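TrEMBL annotations:
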type	residues	note
BINDING	GLY33, GLY34, GLY35, LEU36, MET37, GLY38, ASP56, GLU121, LYS126, SER148, ASN172, LYS304	NAD(+) binding site
BINDING	SER72, LYS79, SER148	CoA binding site
DOMAIN	28-213	domain '3-hydroxyacyl-CoA dehydrogenase NAD binding'
DOMAIN	215-312	domain '3-hydroxyacyl-CoA dehydrogenase C-terminal'
SITE	HIS169	site 'Important for catalytic activity'
Amino acid sequence: MAFATRHFVRAASSDAATAAAKKLLIKHVTIIGGGLMGAGIAQVAAASGHTVVLVDQSDEILKKSTKGIEESLKRVTKKKFADKPEAGAEFIKKTLKNLTTSTDAASVVHSTDLVIEAIVENLEVKNELFKRLDKFAPEHTIFASNTSSLQITKMANATTRQDRFGGLHFFNPVPMMKLVEVIKTPMTSQKTFESLMDFSKAVGKSPVSCKDTPGFIVNRLLVPYMMEAVRLFERGDASKEDIDVAMKLGAGYPMGPFELLDYVGLDTSKYIIDGWHSLEPNNPLFAPSPLLNKLVEEKKLGKKTGEGFYKYK
């Protein structure tokens with residue numbers, strides 16, 4: 001019996017080692033989109049020793065992205081290397097050495113292990129990008145989207161690598177937020193899933209796993225919560241100010257739902273809820289809000305426009 005047990009343990013260990021050997025060790029990363037999210041992902045990937053190419057449509061955008069990354073790295077080093085300024089300067093230099101930029105995605109994906117898309121939240125635009133890059137990327141390359149609201153499966157179906165496709169949903173600001181949602185579609189292979197989990201850990205994040213359900217984990221809970229707050233206000237049950245205070249003091253949230261909506265952007269929130277409503281029109285959690293629609297129509301989108309549910313100077 002003891003022999004049989006030892007034999008089983010050795011066999012299980014051997015199988016685990018074989019499975020681990022099959023995983024892709026991600027070293028080279030291409031990030032499409034030089035906005036806040038793309039630049040943030042590029043920063044943490046480069047800082048953790050990965051070779052990173054950040055891609056966007058113009059050199060002007062990329063210069064702005066690179067400058068933003070440098071400023072962010074300086075803030076990080078002030079805390080991380082408070083007593084060792086020389087080590088901090090070396091850290092910034094080493095990180096920036098791992099980062100290059102390009103305006104031609106097709107020409108740089110030929111030698112990459114992972115492509116992360118962080119462009120506009122538009123399914124057609126994303127699918128067009130993935131379909132094009134699918135022709136140029138090597139067979140082993142994994143594709144991932146940083147979308148917060150769109151179906152990963154629909155993007156994967158635009159390519160011939162459905163088994164090498166998943167979601168990597170980082171949170172803003174990327175250098176500060178520890179969470180990454182790793183999304184596995186019905187076609188994502190276990191090898192791909194484990195490779196994405198390992199990559200998330202390698203860039204210093206805490207990954208959680210979720211199926212390809214609307215909003216994944218965080219937004220699936222957060223967006224309906226914010227929408228219910230709006231409905232509470234629409235019905236006249238409580239003022240937006242009191243709702244915000246109640247959730248901050250009663251639930252310990254750093255922001256109330258209306259403050260958070262203004263921070264996220266009312267147009268972004270409307271886009272998400274409209275998309276989910278089209279998928280599940282009978283789900284009351286995804287019902288549109290007349291007030292939210294009105295504010296977006298009036299271009300009162302939150303902090304970025306100076307007015308949303310609140311006014312900002």
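Each Cβ is built from the backbone N, Cα and C atoms, and glycine gets one as well.
On a predicted model such as this, the values are computed, not experimentally measured, just so you know.
Each residue contributes its Cα atom, and for LYS126 (NAD(+) binding site) and LYS79 (CoA binding site) these two points are 37 Å apart. Ranked by how many other Cβ atoms sit within 10 Å of their Cβ, the binding-site residues SER72, SER148, ASN172 place ASN172 at the bottom. The recorded positions LYS126, HIS169 differ in how many other CB atoms lie within 10 Å of their CB, and the one with the most is HIS169. With respect to their backbone Cα atoms, MET37 (NAD(+) binding site) and SER148 (CoA binding site) stand 11 Å from each other. Per DSSP, the secondary structure of the domain '3-hydroxyacyl-CoA dehydrogenase C-terminal' (215-312) breaks down as 65 helix, 3 strand, 30 coil. With respect to their backbone Cα atoms, GLY35 (NAD(+) binding site) and SER148 (CoA binding site) stand 15 Å from each other. LYS79 (CoA binding site) has a Cβ environment of 8 other Cβ atoms inside 10 Å. Cα-Cα distance from HIS169 (site 'Important for catalytic activity') to ASP56 (NAD(+) binding site): 19 Å (rounded to the nearest whole number). On the 0 to 100 pLDDT scale, the domain '3-hydroxyacyl-CoA dehydrogenase C-terminal' (215-312) averages 96 in this prediction. For ASP56 (NAD(+) binding site), other Cβ atoms within 10 Å of its Cβ number 24.
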